[in-house]
């Protein structure tokens, strides 16, 4: 037996065994196991606190350093630029220069279009690609993220703002509320980071984000039909039904064929260039510069043909000059303050989700650590400063970051290059955009948001986790059929529901013995596994907390009842022992202990012995402290199911 | 090796092993393990749905029955009385009669006092002990619960109602709102039960309830000081500071010594009788009837001495007659409808928590099943009917149920007996209460709520789970220093925070090899456990979901970084293998898979092999579906840590 049972423990979990109990004492194969050392309250609390808020141990570098060094490190941790700037060299600059120029060419047309999504003047899109990237370059810790306005956030912000103020009737209040929201978006982001609450954004599950993004992308594409088809009267709603009906209703006279010609042909051009980029990774720059190229060509084309006279809508006027200060425009009082705050929190969180996701992805690719919370402080500061310099909520853009990465960016300097290019554009080139047709911007945006509809990811989600899929679809349809807000609500709601489900309804399984071994496994999974007559073995697959303790108890009792009925029907020996395999029970709380006590009481009434197999260290601790171990008897707690069964049914022990 | 590794699997968990991989194929000690059979979407969904809402399989009895039988069973399941009434016999009746009379004698004085807690006329307390118990007797499934108004709910209801309407200035609206709240409390309870959402009350953790009850008990006792000291002008607030200051301020002239004499002496009498009951369980009836006895004595005493002339406050007038209909008094429109709804939901949930807790406790003691959801429907129906017959929210009372149990009740008939006694009291005896001094009611209530301050439970909670203790104390101090509402909010808030913590910050541990065995365990718990040079083994103690996937990844990376620094410092061989022990990882979702992929990528950059040990069935399924298993290689997934280590470091395998 000893040789056999020896590596029983290879699962790395052994339940402490009270050797005072005679049975255990004189069995050779039982390991002495020390109960984990008792921790004092303070340490225990500090540990939990640290793991909750400082699990990444941000202050590790500060340990045993001189005061001045600590100060230096402190400044560095806020402005990582100080650290990497020292090691910066020409080779890095080459990479950053190319990457910077590429994303600049990509961002300028996008910015103008995205600003329209937020019902803002095009220039604010460019403003938002000038200041925020500079701030981020100094404070951010990601090397690959490309900062600026993004489609989804622009759409969300626009929807939320329009719900409060009509941008056409009073554009001034609208603009002010936009800056107010941006300010509070930044404050929210910085606060989350500063108070180490970054983990809160994890509650927006990956699946929900995929669905939300996909829905938003489609909504955005639909919005572009206005510019794409050259429609004048267009619905203010964003849901698919309202948009399509307004498109169809304007089919007869509302469409403009010249516009359609331009947008369609250039969209095809963009798609082809994207295809080429996909086929040959070396040619990534073709899809990257294609938008700017098409802007230049189409603008020139419209200029010479004066197509604008024939109803092709153009950007018309784009102010020259740099970001004016907008500090005095922010509402710091009145009821717009509250509205701005609400909008800011929502759009800030969504922006954060996108940026952090990007940061993580590329950090994993190049294997460098980014401190999520520090990142949030950087993004927050960037938006706060942005809100005071006529920028609206900006964050990391999926598409541009990918280009940035492929173009071989080395540091955040690529963002600086980009913002310098934007600066020059603002100073000298804006007049050239006068004849740029809105159609081309529509084409560019449609082309830009297509990848956000991630069909493969959705299929994978469906395969892996059905509930995730429900969350994904809920968000998706919520966005396209109702609104971005509702979609977001649904996404968050279902994500939370999933957590509740996880903590209220853990799995349980009846274990059987695999013939010829002493292995006990789920009989549903291993049909050949055989029950031991008179013994019922149940595994509980979760920590037992107040949220599931009653369910676990009732579920075990139901297993027992079913089994007893089955046994009676088959006139087999009655159940005498109930073995609970506790290996996966990572923890237990007061309610859990009470549930076990209730179970024990009801089992006593039925004259059934309760036996525990392999409870983990925290669990065994609490079983001892609560004297539950004394209640059921220390000799009822075993290393493994096999040993438990041996002791329960001596008549079987020789078989084993 | 084979003999050794054989019962490795005693933990009842084996990871499927791809035998196509050469290494596995020609190692003797690897069990072939089938991947669990694929389920189709519908079954999977139905299973989850069933476990969530119908885990107790309430319809089991309906299976393969004739239509008429099904109908019969349906009626029975709504009115369990039909079932047990048939088996009812005289012996049972004896037990129920005694129990019923005992709890009646206990409830009558309590009812009068509790009604005052809700700022309602005493008669409503008695009304609420007449109709609801009858309804429950027909519909309820608990045999031991004693129905009627209870202290905590009365206090809560009173506080919530007074926040809306002043009972002194317009008592009529107050009464109507009380009935409205009762109606919606019932509707809430019934709805929760009907829609199988009973598990929602489990989110109020045991610890939180203990703290809340304790705080409420003290608040109630403080409220009684008015009657106890015979104070006329008393604060309307319930927090300890306001109450004590108002007590002290009235010390000079506000107190009435005759009142104090009565209340103090009878409180001592009650405490002594309780002590006797504790010492000798046979004498449980002494504390049970003591209140009624003291009411009779004190009433008689006041009557002959006319102490009421000397400022001893008395009940004065108590209407004769049965519950009048109050259906027309319920607000079914207007803004009181909404207020009533809100108050009803809150008090209904709290009432439910108490009743269900009692039901479970005694069901476990006598080992009979009660269907929590069916129970809620019964309680709900009882309160709805109650609200139409001049009753306010009633539920199961801890103290009276305990007495009921000790008095040897057999079925809900004891409730019927009690309500008959109350009926007779209402019809004939109410005038006798005219001279009952409020002081005695105060004494009775103080005596009744003392046990709710459960010090031992609190100590146990402190010992078992520190966070539970925080929730407990939060609720406790919230109630006594602010208000019952706030206390309740804190309780629920902390309970939820605990769930979030549970799902966001799972435990992780570094495993080491116990010398002389092939056991791998937490090195913090087993200091003698030794690390294997070049190998880092980490155990993750929870399902990996979107809510914790990033934490898990970052935590593992931090373990790795720490280890590498340590290794570099000690100039040991560099880490080449990262083994993740997955036994406790009961499930994984899309975000979890992505986290693993990110981890894998960053490990590749560091030239470290990722190895998995013993992932459970659902996990291995998803690893396969998501092709993560292909990514890291099937030969990187092992039965146990020991085998993983063997394969990782051949140079060590002979030691093992």
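The chain as shown is numbered from 1 upward.
Note: Cβ is positioned from N, Cα and C throughout, glycine not excepted.
Annotated range for transmembrane segment in TrEMBL, selecting from B:63-84, B:85-106, B:107-128, B:283-304: B:283-304. Using a cut-off of 8 Å between Cβ atoms, the transmembrane segment (B:341-364) and the transmembrane segment (B:440-462) share fewer than three residue pairs, counting only pairs 6 or more apart in sequence. Of the recorded ranges B:145-163, B:175-197, B:257-276, B:440-462, B:474-497, the transmembrane segment (B:376-395) has the largest number of C-beta contacts under 8 angstroms with B:175-197. Within the same chain, residues 103, 107, 110-111, 114-115, 117-120, 125, 128-129, 132-133, 136, 174, 177-178, 181, 212-213, 216-217, 219-220, 223, 236, 238, 342-343, 346-347, 350-351, 354-355, 358-359, 362, 382, 392-398, 400-401, 403-404, 412, 414-415, 418, 445, 448-449, 452, 483-485, 488 sit at least 6 positions outside the transmembrane segment (B:145-163) and bring their C-beta atoms closer than 8 Å to a C-beta of that stretch. Counting residues 6+ beyond its ends, the transmembrane segment (B:474-497) has Cβ neighbours under 8 Å at 152, 155-156, 159-160, 203-205, 208-209, 211-212, 214-216, 218-219, 222, 238-241, 346, 350, 467 in the same chain. For the transmembrane segment (B:203-222), the partner stretch with the highest count of Cβ pairs under 8 angstroms, out of B:257-276, B:283-304, B:440-462, is B:440-462. For the transmembrane segment (B:283-304), the partner stretch with the most Cβ pairs below 8 Å, chosen from B:175-197, B:257-276, B:440-462, is B:257-276.
Beyond the transmembrane segment (B:440-462), the same-chain residues lying 6 or more positions past its ends with a Cβ under 8 Å from any Cβ of the stretch are 109-110, 112-114, 116-117, 151-152, 206-207, 210-211, 213-214, 216-218, 220-221, 224-228, 262-264, 266-267, 270-271, 274, 291, 294-295, 298-299, 315, 398-399, 468-469, 472. Across the domain 'STAS' (B:525-648), DSSP classifies residues as 62 helix, 21 strand, 41 coil. Predicted-model confidence for the domain 'STAS' (B:525-648) is 86, expressed as mean pLDDT.
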